[in-house]
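Undergrad: One structure coming up, written as structure tokens, with questions to follow.
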Amino acid sequence: MLNIKLNIVILAAGKSTRMNSDIPKVLHLLAGKPILQYVIDTAIKLKAKCKSTNIYIVYGYKGELLQQKLAHKQKTFLHWIKQVEQSGTGHAVQQVLPFLGKDEEVLILYGDVPLISFQTLIHLLTTRSKQGLSLLTANLTNPDGYGRILYKEQEVVGIIEHQEANAQQKLISEINTGILAVSSNELKIWITKLTNNNSMNEFYLTDIIALAWQEGKKIHTIHPEKISEINGINDCAQLANLERLYQKEQAESLLRIGVIIADPNRFDLRGELKHGDNIFFDTNVLIEGQVSLGNQVTIGTGCIIKNTVIGDNVIIKPYSIIEEAHLANGSIVGPFAHLRPGSKIEENAYVGNFVEIKKSTLGKKSKVAHLSYIGDANIGKDVNIGAGTITCNYDGANKHQTIIGDNVFIGSDSQLIAPLTIGDGATIGAGTTVTSNVTSNEVIISRIRQFPIINWQRPKKKIRYNIIY
């Protein structure tokens, strides 16, 4: 626990010009989550580690949309402050000054730098001296576009923005990430001394570094553990590159703890994955939302799994889509199966090729092997659903339930017209349309009687001859 009063300022007022999109840059998705949400989540983690914390988001372009998309999740944590005119980072921070108390810590973050880690920020806060500031910097092989760190006798004396730097300064490889920790008392003084006497006519927050040095304040620098932590997003190419980098990092983290991934370059995790032992992911698997896997789970190529709980010894065959479902131990799904929200597959049940299940329970050891639609149904144990069976659950206005008992056999190409109850041990003949309840152990057949025609001959096509002269 840090015994400090912390103010986290997240700058998110940019117009996102280079994204060429009507959507604010910080609302674009990285691994399925808005870019800004990553920074907010990290800020909330810090909140739990400090004596008290306020989180301020400085917004501008389409700020109402930002609040609509994000604020509902953390209403009590976030304070939204509008920057009416975008006049640089110093001007953005100035909007927060009236809300800062005396002798408090201020941490500056950026809404378009999503992967900054909790550990790095804790390090940044703990290294700041009482009479100075801490600055997050990094050494890059290609520092183009970044402000450069200026030293004099091994002490940081300032930051020069790329567009203001001379040829010699542009050779400096240590760059400013923009992320810093500073005292509220000193920040208030230094912000008022900023000028916009530069090529962009903006108030640069980075100019407070030179002001701090001139006053003899100690300026600490630390580096992030990974360069990806400080990667900013300004255009679609940078977003795509960071997506691939982040996905590979997640895959490598899973590999290190024993999860087998056939190809880390073709694995996507857009959410949170909890898992047991002996997990195998084939290529091009997508995990979304909150997914939990038991032990001995195999997921075939091309599968999409979203907000689902999967038990032990489960096999998901290729190209299956599973969302908001529950799969019990020993179940098998696919290939080409679709489990929609509310599907519950019980122990050792089987869902096969081109089967769609929605808001239904498939009991223990029951099978729906081929080409079927099961919707709003409760199916018992040891049931066999033949190929092409459909639960007709919708009457054009309302959905109705189908209840099937234990040990029921449903023949192929049957239609079950809900609302409907089929008792234990019943048998439904192939091609039957069931319109009323079936009692236990009853056999139901409703199809046209077969009539044989003796000595019938199939019509033959006439042979046409083309004469070529």
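From the backbone N, Cα and C atoms, a Cβ is placed for every residue, glycine too.
Annotations for this protein, taken from Swiss-Prot, read as follows:
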| type | residues | note |
| --- | --- | --- |
| BINDING | 11-14, K25, Q83, 88-89, 110-112, G147, E161, N176, N234, R340, K358, Y373, N384 | UDP-N-acetyl-alpha-D-glucosamine binding site |
| BINDING | D112, N234 | Mg(2+) binding site |
| ACT_SITE | H370 | active site, proton acceptor |
| BINDING | A387, N393, Y394, S412, A430, R447 | acetyl-CoA binding site |
Undergrad: Which ones in the same chain are close to N234 (Mg(2+) binding site), with CB under 8 Å and 6+ residues apart in sequence?
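TA: Looking at Cβ-Cβ distances below 8 Å from N234 (Mg(2+) binding site), excluding near sequence neighbours, one finds R18, M19, K25, D112.
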Undergrad: For a quick check of packing: other C-beta atoms within 10 Å of the C-beta of G14 (UDP-N-acetyl-alpha-D-glucosamine binding site), how many?
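TA: By my count, 22.
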Undergrad: Rounded to a whole number, how many Å is the Cα of A430 (acetyl-CoA binding site) away from the Cα of R340 (UDP-N-acetyl-alpha-D-glucosamine binding site)?
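TA: Taking the Cα atoms only, A430 (acetyl-CoA binding site) lies 26 Å from R340 (UDP-N-acetyl-alpha-D-glucosamine binding site).
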Undergrad: Just the number: how many Å between the Cα atoms of N393 (acetyl-CoA binding site) and L11 (UDP-N-acetyl-alpha-D-glucosamine binding site)?
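TA: Each residue's Cα considered, N393 (acetyl-CoA binding site) and L11 (UDP-N-acetyl-alpha-D-glucosamine binding site) end up 51 Å apart.
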Undergrad: For A430 (acetyl-CoA binding site), what is the secondary structure state per DSSP, taken as helix, strand or coil?
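TA: Assignment for A430 (acetyl-CoA binding site) reads coil.
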Undergrad: Out of A387, Y394, S412, point to the one nearest G14 (UDP-N-acetyl-alpha-D-glucosamine binding site) in space (Cα versus Cα); all of them are binding-site residues in the record.
TA: Y394
Undergrad: At the level of the C-alpha atoms, what whole-angstrom distance separates Y394 (acetyl-CoA binding site) and G111 (UDP-N-acetyl-alpha-D-glucosamine binding site)?
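TA: Here the two Cα atoms are 46 Å apart.
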Undergrad: Pick from L11, A387, A430: which of these binding-site residues has the biggest number of other Cβ atoms within 10 Å of its Cβ?
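TA: Going through L11, A387, A430 one by one, the largest Cβ count within 10 Å is at L11.
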Undergrad: Sequence gap of 6 or more, Cβ distance under 8 Å: name the residues on the same chain that satisfy this around R340 (UDP-N-acetyl-alpha-D-glucosamine binding site), in order along the sequence.
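TA: Non-local contacts for R340 (UDP-N-acetyl-alpha-D-glucosamine binding site): E323, E324, A325, E356, I357, K358, K359.
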Undergrad: Between H370 (active site, proton acceptor) and A387 (acetyl-CoA binding site), how far is it from one CA atom to the other, in Å?
TA: 5
Undergrad: Measuring Cα to Cα, how many angstrom lie between G111 (UDP-N-acetyl-alpha-D-glucosamine binding site) and S412 (acetyl-CoA binding site)?
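TA: So the Cα of S412 (acetyl-CoA binding site) lies 56 Å away from that of G111 (UDP-N-acetyl-alpha-D-glucosamine binding site).
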Undergrad: Find the one among the binding-site residues L11, E161, N384 whose C-alpha lies closest to that of R447 (acetyl-CoA binding site).
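TA: Given the candidates L11, E161, N384, the nearest one is N384.
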Undergrad: Given a 10 Å Cβ-Cβ cut-off, pick out the one of the binding-site residues N384, N393, S412 that has the most other Cβ atoms nearby.
TA: N393
Undergrad: Which of these binding-site residues is closest to A387 (acetyl-CoA binding site) if you go by CA atoms: L11, G88, E161?
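TA: Comparing Cα positions, the candidate nearest A387 (acetyl-CoA binding site) turns out to be L11.
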Undergrad: Look at the binding-site residues D112, E161 and tell me which residue has the greatest number of other C-beta atoms within 10 angstroms of its C-beta.
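TA: The largest 10 Å Cβ neighbour count belongs to D112.
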Undergrad: For the binding-site residues G88, G111, which one has its C-beta crowded by the most other C-beta atoms within 10 angstroms?
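TA: Neighbour-count leader: G111.
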